[in-house]
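Visitor: Residues or ranges marked as transmembrane segment by TrEMBL: B:15-38, B:50-70, B:82-102, B:114-134, B:146-166, B:186-209, B:264-284. Per TrEMBL, the feature domain 'ABC transmembrane type-1' maps to B:79-282.
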Amino acid sequence: MPATTGALERKKTKSAIGAGSLALRDRGKRVRRHWQLYLLVLLPVAYLIIFKYIPMYGAQIAFRDFSPVKGILGSDWAGFKHFRTFFESPNFWVLIKNTLVISLYSLLVGFPAPILLALALNEVRGMRFKRLVQMVTFAPYFISTIVMVSMIILFLSPRLGFVDHILNAFGMESINFMGIPDYFSSIFVWSNVWQGIGYGAVIYLAALSGINVDLYEAARVDGASRIRKVWHIDLPGILPAATVLLILNVGQIMNVGFEKIYLMQNPLNTSTSEVISTYVYKIGLLGANFSFSAAVDLFNSVINLILLLSVNYAARRFSESSLW
Amino acid sequence: MTRSTAIRESFGDKLFLALVYAFLVLILLVVLYPLIYIVSSSFSSPQAVISGRVWLLPVDFSLAGYRAIFSNPQIMTGYGNSLFYTVFGVLINVSLTVMMAYPLSRTTFYGRHVLMGLLVLTMMFSGGLIPYYLTVKNLHLLDTRWAMLLPSAMAVWQVIIARTFFQSSIPKELGEAAELDGCSDFGFLWRVVLPLSKPILAVLVLMYAVSQWNAYFEALIFLKSTNLFPLQIILRNILILNSIDSSMMVDANKMAAMQGLRDLLKFSLIVVATLPVLAIYPFVQKYFVQGIMIGSLKG
């Protein structure tokens, strides 16, 4: 992806410029001739510095005892105190468990679902039906998280929801789905699939449309069945895209979406729905415990980064596609 | 190959195809039904909604829910605010994205690899919620309209999409020719690149508009004044926290009717809140799909 092409170009420009002082003078001239480009990036770079890099620098409050009066740089150092408190707290394993259960479940279901849809759509010959399915499955992408969660709550409500009406129609008791901790992860994951399957499939459909037609022709001549074509041509065709997406997904394992989970929480289900990001928000911003929650957050980010780097490393070793 | 195996294989293929179609029809129904159910409920009478008589089409057609929404000042303020944040937010978003992506796409821009690296790094690692909040606080942006516009002024992913588009669809020779003719980088961007980039601009506008209209996280952590709230926060209060300002129930003085209206209102509100983005979707689907593809494959 981005970085791969970047590396390639870097090689090209390097050889084009050549080495030595000539290149250096050339470089200076080039910068001066294209000063307008540097003027253009000024604002975006200022944005990156202010809203991305200063907060990164500010993450050091995880190692301090933050006091609003003294500010970030003036607060006293606390070393790893907050990290230790977090690791020793009874919440630690609960949070880790909830976060991992929800994210691994998401990965297991949410990752293959769009692939299945794309493979199935690719078999369809009637363009109109194909477009209809694509259009309808894409539509939920536009629904905001708040509306999505309220739809879930409405549909599963023991009084109003159609799920309840169906249960009653079959003579079953009403169930308060949102109040049962065991159901939380399933509701979260499957509603995500409902909302994201069409959007996710687009990438794979693009990959499928890029497969060389000669391959299908050859398979047809050899008398391959449809399933074999899917298995031997389609799947290898989308493998690069799938690998990259898998790496990105694994790199986000500890980041289960705050927005949706926070909205889906209620006092009855917090035993399985409290994850690291919601905990950070509650302890940090609502409880004004800045340093401690920053430490929890930092721990989370570092784990994510390590996961991302190791999966990418593994992908580079064992397959041809990786992020960089 | 003998004739009998050919027939058996084609039977297998037929079965496979039938399963594929069944699977797709199932998905189609599962995605479509909740959407239809919401819309139909929103046009039904409160009694029909509570008693669960709505299955597919509106029952006892009524506009009570919509009337309640449009007579509610809180919702209307939220709607106005969301419109404001979306229009100005998208303006800032698209400008900054182009200002970043265009130089990154030029080979004559020395230092672009460093800049690209700095950009991608912010995707992989972040300072976290608390330092982010403190930064916004130190800039005195808390509880101002700027808090909804500046912290989310540019998205890395969109910059990458735009850069990829500029790189792949603006021929390098065009830039060189323009340079020889004495055209400045500004001039080239304004007179050549932007007019050639209408599809990607459409994609950027759409993607940013959807995320601005649907944004609630920034409002949740940065805003306190009710008169600044975007629609999404108002929705959260009504739909999820279930707190409805009693002033909204002006025309419903009976308690029972009030509860019914309260439930009905949720369905109508979902429709009203989602309609603006959903309405433009059929017209722009082509661009959207194109945008995702540029970002994912060529990126």
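Glycine is no exception: its Cβ is also placed from the backbone N, Cα and C atoms.
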Visitor: If you count Cβ pairs under 8 Å, which stretch among B:114-134, B:186-209, B:264-284 touches the transmembrane segment (B:82-102) the most?
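Guide: Most contacts with the transmembrane segment (B:82-102): B:186-209.
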Visitor: Counting only residues 6 or more past its boundaries, what in the same chain has a CB within less than 8 Å of a CB in the transmembrane segment (B:186-209)?
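Guide: Sequence-distant neighbours of the transmembrane segment (B:186-209): 86, 89-90, 93-94, 97-98, 102, 155, 158, 161-162, 165-166, 169-170, 174-175, 178-179, 277, 280, 284, 287-288, 290-291, 294.
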Visitor: Counting only residues 6 or more past its boundaries, what in the same chain has a CB within less than 8 Å of a CB in the transmembrane segment (B:50-70)?
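Guide: For the transmembrane segment (B:50-70), the far contacts come to 36-37, 40-44, 76, 248-249, 251-252, 259-261, 263-265, 267-269, 272.
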